């Protein structure tokens, strides 16, 4: 009888140790998923910019089409080799994926088009609006609330974007319109992916596969009707080995980025995924100023870019701190409840 409390306290101690090691592994996986997404999204912007601007490849649509085909091919082979698992097609699959294929298509094409039209610093600073739109989307779809600190840092980022845009000497209206549409679609896509992953019907691979598969024929039809397919076929750079390598990389990176986005959203949240994208954009902003070739320096623009960057850094810090605090309080509540149960 006297040994029972000692046993229960030892058991509780073991449980706490087990929970701590599981939490460490979870944090490591979260950081790994976030890092993988950051590197992937950095590489794809640089490669897409090179293909569309430096090589003047005439069709954003055909780059998008290449990315869809690569995604379907890689996942199909992966499933055949039993490396990945996802459900076979049935008549319920379109209902389970909707509206993600449309958001995916819109997101991809507007992103590529704005990459072509805007210099990298303005492209990245205008992408900050996706955080504002993600907050709206998560509020409406996932019923999330945000602290005063988060709202203020998002406000700082948006003000910085407005200041930078006010003296953008390379202003391109089409580019601005497409990047803002892209921001809205990114936000909606992130929130819907989280919702669909939580329902566990198709899984991350199923979502990736069917998103791309359902949009290949519509994209091909649009490319044919608009004359983009012909422009791509007439392009003179196909004989250039370096261009071919970058075009192939752009197609494969499209799949890797989609996978990294879903992985980061699954292990973290849609908001964390957007933050990581934002930090990556800081690197791209400064690299784009020096190496992009299409950035025109003005002090107002430069100050605006840096206000936005400072806002995104503070924002990232607050969000991660809040996430860790909420997880710690959840863990301590669980332990308290277990302790009460043991007593």
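Just so you know, the numbers here start at 1 and follow the chain as drawn.
Heads up, the Cβ atoms here are built off N, Cα and C, so glycines get one too.
Computed from a predicted structure; not experimentally measured.
Under the topological domain names given by Swiss-Prot, residue 169 lies across the membrane from residue 331. Here Swiss-Prot gives transmembrane segment for one range in the set 121-141, 205-225: that range is 205-225.
Counting C-beta pairs under 8 angstroms (sequence separation of 6 or more), the transmembrane segment (27-47) fails to reach the transmembrane segment (173-193), with fewer than 3 such pairs. In this chain, the transmembrane segment (205-225) lies out of contact with the transmembrane segment (303-323); the count of Cβ pairs under 8 Å, excluding pairs fewer than 6 apart in sequence, is fewer than 3.
Within the same chain, the transmembrane segment (173-193) packs against the transmembrane segment (269-291): three or more Cβ pairs sit under 8 Å, each pair at least 6 residues apart.
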